[in-house]
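Right, one structure below, let's go through it.
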Amino acid sequence: MSETRTLPRASGLARFKGANNEGVLALVLVVLIIGMTIISPSFFSVGTFFAILRSSIVPLVFALAVLIVIISGGIDVSFAAIAIFAAYTAVKLTGSGNFDPGLIAIVLFACLIGALLGLVNGAVIARFRLSTLIVTLGTQGIFRGLLVAYIGSRYIADLPGSMSAVSTSNLISLEGGGANAYLHVLVVPVVLLCVLIALMLRRTMFGRGIYALGGDMEAARRAGFSVVRIQIALYVLAGVLAALAGVFHVILGRNANPQDLVGTELDIIAAVVLGGASIFGGRGSVLGTVLGVLLVQLINNSLILVGVPTAWQRTAVGVLLVIGVGIQAISAKRESKRVLVNDEVKE
Amino acid sequence: MAQTSNKPDLRTPGGFNAQIDNGMGAMLGRLTRDRSVVRMLVLLVAAFAFFTLLRPSIFLNPLNLENIAVSAPEIGILAIAMMLAMLTGGIDLSVVAIANFTAITITTLYAGLAAGNPGQANSLLPLILLLGLALAAVAGWFNGFLIGVIGITPILATLATMQILNGIAVVWTGGQTLYGAPESLSVIAKTTIAGVPVLFLFFLLIAVVVAVLVNVTPLGLKLQLQGANPVAARYSGIGSRGVLTSTYVTSGLLGGLAGIVFIARNPTASADYGSSYVLLVIVIAVLGGTNPAGGFATVAGVVLATLTLQVVSSGFNALRLSAYEYSIAQGVILIAVMVADQMRFRARRRKRDLQPPVPAAPETQGKS
């Protein structure tokens, strides 16, 4: 697909729209919130807001991992398997709650596992130039198989003390009036991660390298980027992020279940793509991704409030994906047509 | 499989070089095609021998062999559908969802009719089956529309279709397993002709039809060109819209047929039957010599790959290994095959870079 850089347009509307349609997405979010408030006034409350934030914690960290892979022109479906592998193994090694090395040690250990598994992905993909979808499909099967067959298949209900302490701590708790609102403390590291990844993508050579890789791998190579090194590093980073998401999931759910998470990959990818990241690489932003994840969570939440059975969620996300990506595809087509016409004029 | 032998005719006027190129291309194509089929045959025999040596009594049991033959068709048909999508450079993640959707539609309709009047339900069975297939074709057409007309990437388009169909199936069934699939189908599934289960013959028939479609018909040629080089295909006047639509309608139809095989083999239907099949089917397609980037595939390779993986699966059962160990094996096989293909491709390219192109062709023949 020919990615065409559009010239910066000066109009305020275009600036509002944002490089990856972030403005449009924000507008959709606002319209949805207003619509929901009109339908059911109880929707517009701090409690709902905090609940949506809480449900976005794990998807958002996953989405960051997926984002950097998608910007680099790849696609990763193994992140959920990496997440539960890392988190479950970390919990299991602490003797299922008997021995507690402290939260930081557990998190670091999980990240180490995530990095190793990410390294497997990155090494195979970068070394052999294989289709990222197919490699990560394969590693997904391998990681999950290894976890359940050799590490453990049992549900662990008692977490180490340091982890379960986090499970119940809230950053803000508003009580009274029958509607209690809690903002979970894990929101803090998630916001921090978003800021860090955004800075990395925009300000560091590594971040720019990821965009360059996704834009055109050969051009990136000729521009002097070490394609192999960047690709390996970004999958390691995606592995670490996935491991963090896994730990957060375990903390929020207050149990470690090896059967969890795998199967939710597609929702995350849908959210990232809705957030304006191009599946062909080279485009995407943390802001768009955050909005995409919030949109999916908001819609899931709204469906319940409106009285639509939760079973429709999957269909709703699918329809949303078709609409979001369809609009992107049609506008891309229009753009490429315009370019073709220009070419003919030149010749 | 039907191999079109297009030998360059040296007597006809026209550029000699073009004829050499043409002949070389055909030969290279045939070589790679044959090689992936030969490789699959070797792997199949090796896998069979391996498990026979380890557990002869269990593995060579006629019941086990029949099991392999009965469980292979549904996976094989799905793999052929996946192969078709990959041939055009796409992927169809929704085949399993389409199959389940078809199975649920047929089961619900039949069970609903049979509750009132069993005789009528049986006489209407062909109509119900056709309706199920029509729905599958519509789902496939929707994929084709999203990909060919709107221009959405196949991964995302079929992902969305998968989510939508799966969601509808979950709502429809309430997440439960449906019973009451047509009994006459189960009866057909249990019959054998000369010791070979009918289902397996049905699978072979579908494989032959698709092989003819790909190798003999103009549509098949367009499919291959579209996958090999979409830009060149467009400039040669191939309408990608029509080609992609017919590809995904066909893969949808194959998904529907797999759905019918689902309920014939096991008279229940549920939304999440075969959820592990998506990975398995991709493994089979790639193992069978399908190039995931498009332009190249063989039905014979895919059929052999299906059998090989079924042999591995039942061998794992015989060795009392779990489904998770089988999933590890699938992942390892998938990556190993891709790496091996990539290494060979690089070796060949290096060889071609070093030497003039003409003598390079026979050299590639050696290894298999």
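Glycine is no exception: its Cβ is also placed from the backbone N, Cα and C atoms.
TrEMBL entries are annotated by machine, without manual review.
TrEMBL annotations:
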type	residues	note
TRANSMEM	A:24-53	transmembrane segment
TRANSMEM	A:60-91	transmembrane segment
TRANSMEM	A:103-126	transmembrane segment
TRANSMEM	A:133-153	transmembrane segment
TRANSMEM	A:181-201	transmembrane segment
TRANSMEM	A:232-252	transmembrane segment
TRANSMEM	A:286-305	transmembrane segment
TRANSMEM	A:311-330	transmembrane segment
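Here the listed stretches are A:24-53, A:103-126, A:133-153, A:181-201, A:311-330, and the one with the most C-beta pairs under 8 angstroms to the transmembrane segment (A:232-252) is A:103-126.
Ranked by Cβ pairs under 8 Å to the transmembrane segment (A:133-153), the stretches A:24-53, A:60-91, A:103-126, A:181-201, A:286-305 are led by A:60-91. With a cut-off of 8 Å between Cβ atoms, the residues of this chain six or more beyond the transmembrane segment (A:286-305) that come close are 18, 20-22, 25-26, 28-29, 32-33, 36, 39-40, 42-43, 48, 51-52, 55-56, 59-60, 63-64, 67, 194, 197-198, 201, 267-268, 270-277, 312-313, 316-317, 320. Outside the transmembrane segment (A:103-126), and at least 6 residues removed from its termini, the chain residues within Cβ reach (under 8 Å) are 74, 76, 78, 82-83, 85-87, 89-91, 93-94, 132, 135-136, 139, 143, 160, 162-163, 165-166, 227-228, 231-244, 246-247.
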